[in-house]
Amino acid sequence: MGLLSDPNRRRALISMLTRLNAPICVVCYFAGVAWFMGLAFEPFTLRTYMSENAMGSTMVEERFPAGERALATGREFAAHKKKVGGMPVDWLVKNMQDRGLEVFTQSFSRTLPFPDENKERYIVKGTNVYGILRAPRAPRTEALVLSAPCSPGDNNNQAVGLLLGLAQYFRNQIYWAKDIIFLVNEHDLIGMQAWLEGYHHTNTTGMSWSPLQGRGGSIQAALSLELSSDVITSLDLVLEGLNGQLPNLDLANLFYAFCQKIGVLCTIQGKLQRNDWDSVSGYNHAVQTMMLMVMKQASGRPWGDHGLFLRYHIEAATIKGVNSFRQYKTDATTIGRLLEGMYRKLNNLLERLHQSYFFYLMPSLSHFVSIGYYMPAFGLLAVILLLRALDLWVQLNTPPSTTQDGVADIDQQSSPGVLSVLTPLVISHLTGVALYALPIRFQETAVEHFPVSETEAVVLTAIAIYTAGLALPHNTHRLLSGEGTEQGWRVLKLVAVLYLAVLLGCTALINFSLGFILALTLVPLAAFVTPHVPKVLSAFILVILSPACTLLFSVFFFQELQDMPVSFQDGWLLYLSVISQGILDHSLYGSLVYPLIALLVYPCWLLFWNILFWK
């Protein structure tokens, strides 16, 4: 405190920070990147452990015997699904009633803002079927959910069969202290959204659905099951939910503990567990796994039906059965016993899962990186913005230089007008509003005048507005106040740098992965862009580091991480698909990534673009 309270020492510190500002910023940037890359190294990670005492032991005896019968039920379900051309509602209702459940249905419909070409749907109508197993030993104030989406074609029939088999087995047990809801939802996430909104009496997306006639208690946890083959070689755990939310780490720990007990091969991000952490290949494997989690979390989209439960503070995950033609095989009976063990432990909960971490990264199922370890990597990037803001503030408060005759430099002495700073700020954000609102509103006009589909019209309109926005704030300060002053761009940059620091900080607190990826690209340009750098080269770098190009590079990088590289043409088509899916996710489920980019990140980037061409 003495250093800051002493005026002489404070001036010396500020003088040192401004004199060494650029070197310190460069060191902080590379230190932040190095810190993040080191998170996958074993000394930086912690071994997973169970924090919830009620689930601390896996000493339960799993006895589920009916795996083959569940697969036969799944084949029967597939035959009825093919016969009716959709979900066999009557057959499901009858089978659930035969198993002693209280069975209810919910119809729903949703008209998409534009056709979803990936799944070839526009007007979606469907029915959810769910059965409730009432708790025989409790007042029925709490519930658990086991769901299986009814997917088109031959997908996930085995999961529905196993769900019905577990329902029949659970019905004969007397130790349940919570209601168990067995849910088969149609149209994947849309059906799940309708059911959750009906269960919690909310309607945040404008979907039309019929009220639920039956309810259980307050949902404590949920698992979504996806099996698409009779032969399963491993089980993959999916954690990433809407807007980057993650379930409590104890849920992942519970899954891993029972996989270890029963002897089931388990993966995360499709990557097997490795023990050679000290080797280069082992470290690369851990980095790939962690980066896949970062990329998925940054997308903000739910990567399974479980992702929508997290919005309601319900801890949930998706378990996917994988058939990768390995020699190791797992039968349906073993998977059923794993689920039985997990639900018996969740049945013991006296309160919601809360003792373990909600913010973490996982380079493997046996290790995790807590928020206390990965936040310094972001902090090292964010401090660059604060250092640059300090440097700009000192420059603005430095007395103007004088000429040989003792007259102050007029350009340095004149203070910038309010409009010269406010005008680019307002126009940049109006451009962002146009990028957010106009693509969907103008799709019909675009289809009438151009030979494109509705989806192509939305995506191409968004790209056109994004590109046209580069010209709108360009030298807008000259429209009202003539030539800009030297002090003017410094004031604008000071505002933009502080704006970006607050924006990235708030984003990282909600979705660390998204905030860190944006910081990697936006912090360098924010730190060093000025009107005095070479225009052509700097403009090229700014475009390369823009949000749109960052998304394009992320698409190719994500495919590389999945060991599925694509050509530039296929990558471009995938890029357009990602844009349309991001807009759809916002309209259907409330994903915040698209409005964040359009209304805040893109206008902030436009401010730096305007600074580059300041005259």
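Any Cβ shown, glycine's included, is placed from N, Cα and C.
So that you can see what the record holds, here are the features copied from TrEMBL:
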- 20-41: transmembrane segment (TRANSMEM)
- 371-390: transmembrane segment (TRANSMEM)
- 418-438: transmembrane segment (TRANSMEM)
- 496-529: transmembrane segment (TRANSMEM)
- 536-558: transmembrane segment (TRANSMEM)
- 592-614: transmembrane segment (TRANSMEM)
Leading stretch by Cβ pairs under 8 Å, where the reference is the transmembrane segment (592-614) and the options are 371-390, 418-438, 496-529: 418-438
Interface-richest range of 20-41, 371-390, 496-529 toward the transmembrane segment (536-558), CB pairs under 8 Å: 496-529
Tertiary contacts of the transmembrane segment (371-390), as residues 6+ beyond its ends and Cβ separation under 8 Å: 14, 17-18, 21, 24-25, 28-29, 31-33, 35-36, 39, 44-45, 357, 359-361, 494, 497-498, 500-501, 504-505, 508, 512, 515-516, 519-520, 523, 526-527
Residue numbers, six or more beyond the limits of the transmembrane segment (496-529), whose CB comes under 8 Å of its CB atoms: 22, 25, 29, 32-33, 36, 243-244, 293-295, 297-298, 300, 359, 371, 374-375, 377-378, 381-382, 384-386, 388-389, 392, 538, 541-542, 545-547, 550, 554, 593, 596, 600-601, 604-605, 607-608, 611-612
